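A short write-up of the structure that comes next.
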Amino acid sequence: MPIQPPSKGTLYIVSAPSGAGKTSLVRALLERVAGIQVSVSHTTRAMRPGEQNGINYHFVDVATFERLIESGDFIEHARVFDNYYGTSRAAVQALLDAGQDVILEIDWQGARQVREAFDEAVSIFILPPSREALHARLAGRGTDDAATIARRMRDAVDEMSHYDEYEHVIINDTFDHALDELSCLVHAQRTRMPRVQAEHAPLLAALLSRVEDVE
């Protein structure tokens with residue numbers, strides 16, 4: 001059997017309209033499945049109460065962000081709700097090379113850019129069960145006025161119009177069921193032939209070694 005290269009992690013792209021429950025699903029996935037983590041993005045938006053720099057985001061000013069764009073530091077970047085967001089190329093590659101699975105929580109624009117750089121990335125889109133449910137979730141946050149909610153709904157419809165650019169779609173109607181589907185996708189990816197051959201090369205070599213004849 002040929003020697004396999006070191007095992008590398010899988011890159012997951014997870015997108016959804018605001019209010020579809022993507023963040024909650026990903027957080028629950030991290031608690032359920034080992035060996036996977038979310039990439040910490042850069043952003044120019046203001047830090048919210050309870051957030052920590054380097055944990056939730058790398059918070060930078062616009063000038064710094066634009067310098068990082070010019071130097072090619074980002075796999076993807078986009079402007080969302082009047083703020084920049086971007087993903088560090090070096091940070092993601094280092095995690096993948098170490099065999100860590102990585103999740104990118106990004107919008108459809110960023111997803112297109114990532115697929116160009118990582119053609120083996122697994123893309124997943126989270127949809128709400130209905131527009132009414134999505135509106136109720138956005139309004140239920142209690143942090144936005146009616147005009148802001150209306151704008152977020154328009155942006156959500158635009159985001160959802162790109163669902164068919166993704167390999168997998170999960171409808172988040174019942175949270176536990178959606179989480180099961182997301183977990184199954186990760187576990188199934190870990191049983192794909194190239195990864196199994198890389199991670200279990202010694203076992204496979206031992207199983208397939210020649211059995212000596214018994215006199």
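Every residue, even glycine, has its Cβ placed from backbone N, Cα and C.
Taken from Swiss-Prot as is:
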BINDING   ALA16, PRO17, SER18, GLY19, ALA20, GLY21, LYS22, THR23  ATP binding site
DOMAIN    9-187  domain 'Guanylate kinase-like'
THR23 (ATP binding site) in three-state DSSP notation: helix
Most crowded position, judged by CB atoms within 10 A, among SER18, THR23 as binding-site residues: SER18
Candidates PRO17, GLY19, GLY21: member of the binding-site residues with the richest Cβ shell (10 Å): PRO17
Additional residues around ATP, ordered along the sequence, whose Cβ is within 8 Å of the centroid of ALA16, PRO17, SER18, GLY19, ALA20, GLY21, LYS22, THR23: ILE126, PRO128, ARG137, ASN172
Proximal but sequence-remote residues of the same chain as ALA16 (ATP binding site) (Cβ under 8 Å, at least 6 apart): LYS22, PHE125, ILE126, LEU127, GLU159, ASN172
